[in-house]
Structures are given as structure tokens and as C-alpha cells.
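Input: one structure, supplied below.
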Amino acid sequence: MESTFSLEEILQLGHIPESLQTTFLRVANGLHQRAKYPKEKVLQLFAQLLENPKKYAYSKNKLTNLARAVYDLQKQGTVIMLSSVGQGYLPQEPVFGLDEKGKQEAGTFSLRESILPYAVFGREQIEAGALQQMETAASLPIAVAGALMPDAHQGYGLPIGGVLATEADKVIPYAVGVDIACRMCLSVFDLPPAFLKREPHLLKSTLLENTQFGMGGEVARKFDESVMDRPEWTATKVIRELKDKAYRQLGTSGTGNHFVEWGIVEVLAQDDRFQVPPGAYLALLSHSGSRGFGGTVANYYSKLAMQKTQLPKQAAHLAWLDLNTEEGQEYWIAMNLAGEYASANHHEIHRKIAHALRQEPLQMVENHHNFAWKEVLADGREVIVHRKGATPAGTNDLGIIPGSMSQPGYVVRGKGQPEAINSASHGAGRLMSRNQAFNQTTRHQMNKILEEAGIQLIGGDLDESPMVYKDIDTVMAAQTELVSVLAKFSPKIVRMADANRKERRED
């Protein structure tokens, strides 16, 4: 290890005010001597801090206190400019290289004369509108296979609970959904159910202090922001313009049916994939997606797809992009980045809450249910599988199927059912639209159900009342061919966005 830092080595980075020079020197030698950082790495960190002190001031890292001092000066009008030497310590901005592809030409397409056969699970509990939407999707000229899950209900374009396999180079933005990579995440803790009864106020406070809901929800302090270093953030103009917003919203949950909740998970049997011994445990479950980043990407490329692929009116929202073109490539990159971002979003929430609880989870299970994947069907055909409100359930895939705030959810293991295109439901599914819920249910009715079930709700509104959802056990009974149940999760303390009917629902 080299000798200690001298002040001259620090000052070569830029004109650091005298009031901070001793602090910089102390931190530098602490990192170098105690944390065993090479001098080169320390100088690189300092250069990045001086370039963007706010980033380090509001995240958990070894430079937080120093960064706050620099940022406070900046807010007072004193900006520490990097010297040419200091600039040399900044990392080179990663550049994501796009393949050279031509523009997608606009074209007009007709639907098939005959509807492609598709499997329906739990048909008796699926509304006619969802079946009609699935028939339209199965009439697309690029459709290869389809399936409808037992929680299905009418949406836009592909129904919620719809699964559609298309030709291997065609992706339908609206069949992925507006909330790209909306997903579930479950953390199981080695704490008994009695902990919840003993410490309800502590658990409630961990939700209030470590979650952020609402359309404009942002979080200043980050636990792990490494997802923002991915080179894909440089790939396209659309992505680049959304990066700052995505950074601010990292670790937030949004609106609609998104939630973070404490509950009890009952593991029913030993399983080599789930790897949690049978018994009852405290668990944290979250549901949200890629926030404003994914929503903007979805809307932009859905409109672009409708310009490029002109279909009959009833199928207009099922317009596709060709992955062999510039537009298709851009969407595919953005969609996959939204998937990584959504996963990081959940991890941020779970890690913060686990840290507040001073516990490490025994196991974490997670899955997307609004996404498109490159897969191979049982007959060997390569396809793009769109799951819009459907859980991946390939052989041995682990997934989470929630119920409602008063009904249990389930940890499941996929059976790889070809007719279902390796899929299962993503929840119980809605019985009522949001408008129907507001017009046909009351707060008193909702509160009574929650009180009888022993559930505490923080936030929420009538459009997410237990009454607006199908019976989860009826849904599960309709998909015994698709998944095996490994564990049962019962909600106890539920956090959702506060009632605000002027906000757009993100789910």
C-alpha cells in the first residue's frame, strides 16, 4: 500500500475551499489506509463527487457526509470546478452501440379470416369483452399461439391475463402493457408470526418511512443505484431524456394497484427451488413496475407502432414493431432496460426495509408479469411471448400470484404447460372496473371487510377494495395444470397510494 495522501495530491483535482481541505484529506486517508482503496480509486471517487455532489449526498455510501458539505456549498453558490487533472479521473461515459438497422416502413395489414385456436383456463369466470379481445389478438397475421389465464378481464389491446406468441421478430408494445415490467417481489424473513403481533407499530413505520407512493413520488436517498450505470441509458434519445426522472423515482411504487405489504407466509412443503423450510414466517410483498420511465417508453413506442403498422380499428392497439428495424431494436432495448430498472426498484424497497428491520431475508422470489420474452414453443418454433398480466410458469419457474388486500396470495412453481404457453394468472383479476368500484362500493363496506380480516390499510381507495376482485381460490383451482402451490401469503399491513382520483393509475 502506498504512503498517506498529501494535501497537494487532493488539491490537484480542483480548487477545493480551505474549509474543506482537511476533511477531504481525512476521508482520503481513511479510504486508502482503512478501506484499502488504491490512491487511483480514491481520486476517481473524489472527482465523481465534485462533478455531481448531489448524487453522493443523497445515497448511502462512504462519501455521504463529505458530499453533503460540498453540495451545501453548491446550493450557496460556490461550485468546486474540476481541474484538467481532475477531469482525467472521471470515468468515460459508457456508450451502448446500436446495430445498424433501417427504418420500419409503414404498411397496412388485414386480420386473418379464421381465428388462431387458443386455450382458455377458467372460461366460466372470464367476461365476454376479454374473450373478444383475445380473439382479435389471435386474428393477427403475426400471431403464432395464444392463451387466456383464469384472472383475465378486459383491458386495452391484449386483455389483462392474455398471453400471445408472435413471430420471432415482431413485438407489440401494447401487448406488453403501459407499465412495462410490472412485477412481484417477496422477501421471507426468519421471524415468526408472533413478531407481527408484537411489533405492529414498528412494521407500519418501516412501510411509511421506506416507501413512496403517488404519480410524482421520488426518493432522495438511494441504497443501491448501480442500475443507473448500465450503458443502455445512452442507447437512444428517448432513454437518455428519461434517465434523470428514472433516477429520482428509483425506489418508489407509483399508484393504482401497486402496494408494499407485510404479511405471513406459510410454507407448505420442502422445495428444492424455494428453499425455505416448512413453517410460518414474516414476509414482505411488493407490486409495482418501471414507473414513469416504463410508462413513457410504452406510450411513445405504442404510438410509433400504430403509425408503422396500420390495422383494422378493433386491432389498432395491437400494432407491432419489427426487431429487424431501428424502431423495433430501440423498443426492445428500452423494454429490457425497464425490466432491469423495475427489478432494482423492488430491491431498493426491500433492502431499505430489511435494513430498517435489521434482518436479512431467508429467500427472495420475484417475477415480471407485463413483459415480452424470446422463447421456444414445444414444437420448436422461436417466438416472442407477450404476457400482459400473466406469470411466467415454465417448468420449475418460481412465481408469485397475489389475491387482494383481504385474500391470500401464493408462491407457485411452474409446470411448463404448453397450451398455456408456460404461463399462469398474475392475480385474482378484477370483477369491476375502477368506475364501477367507485359507483357501486362504499368505504364502510371496504373497512368492514378489512376489519373482519384483521388487515390494516395505509392509503388505498375503493377501486382496490377486496370486493372488486375475483375469488383467488377459484382462480387457483382453474390452473392446477399450470402451477403447483408452494406457499400461501396472507396480507396483514398494506401500504398503497393515498386516495387521489385525479391521478392516473399506473397498473
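Note that Cβ sites are derived from N, Cα and C of the backbone, with glycine treated the same way.
So TrEMBL has the following annotated:
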ACT_SITE  HIS426  active site, GMP-histidine intermediate
BINDING   ASP179, HIS258  Mn(2+) 1 binding site
BINDING   257-261, 369-370, 402-405, 426-429  GMP binding site
BINDING   HIS287, HIS369  Mn(2+) 2 binding site
Compute the C-alpha separation of ASP179 (Mn(2+) 1 binding site) from ASN370 (GMP binding site), stating it in Å without decimals.
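With the alpha carbons as reference points, the distance is 7 Å.
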Within 10 Å of HIS258 (Mn(2+) 1 binding site) by C-alpha distance: pick out those among the recorded positions HIS287, ASN370, HIS426, GLY427, GLY429, and say none if nothing qualifies.
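Final answer, ordered: HIS287.
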Can you give me the Cα-Cα distance between HIS369 (Mn(2+) 2 binding site) and GLY403 (GMP binding site) in Å, rounded to a whole number?
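That comes out at 14 Å between the alpha carbons.
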Among the binding-site residues ASN257, ASN370, point out the residue whose Cβ has the most other Cβ atoms within 10 Å, with all shown protein chains included in the count.
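When each Cβ's neighbours within 10 Å are tallied, ASN370 tops the list.
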If you count Cβ atoms within 10 Å of the Cβ of GLU261 (GMP binding site), leaving out that atom itself, what do you get?
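GLU261 (GMP binding site) is surrounded by 25 other Cβ atoms within 10 Å.
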Once the chains shown are all counted, how many other Cβ atoms turn up within 10 Å of the Cβ of HIS258 (Mn(2+) 1 binding site)?
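For HIS258 (Mn(2+) 1 binding site), the 10 Å Cβ neighbour count is 24.
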Check each residue in the chain of the residue listed as 'active site, GMP-histidine intermediate' that is at least six apart in sequence and keep those whose C-beta is under 8 Å from its C-beta; list them in sequence order.
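Listed in sequence order, they are MET149, ASP151, ILE160, GLY161, HIS369, ARG387, GLY389, ALA390, THR391, ILE401.
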Give the sequence-ordered list of residues that share a chain with MET405 (GMP binding site), lie 6 or more positions from it, and have CB atoms under 8 Å from its CB.
PHE259, GLU261, LEU450, ILE455, LEU457, GLY460, GLU464, PRO466, PRO491, VAL494, MET496
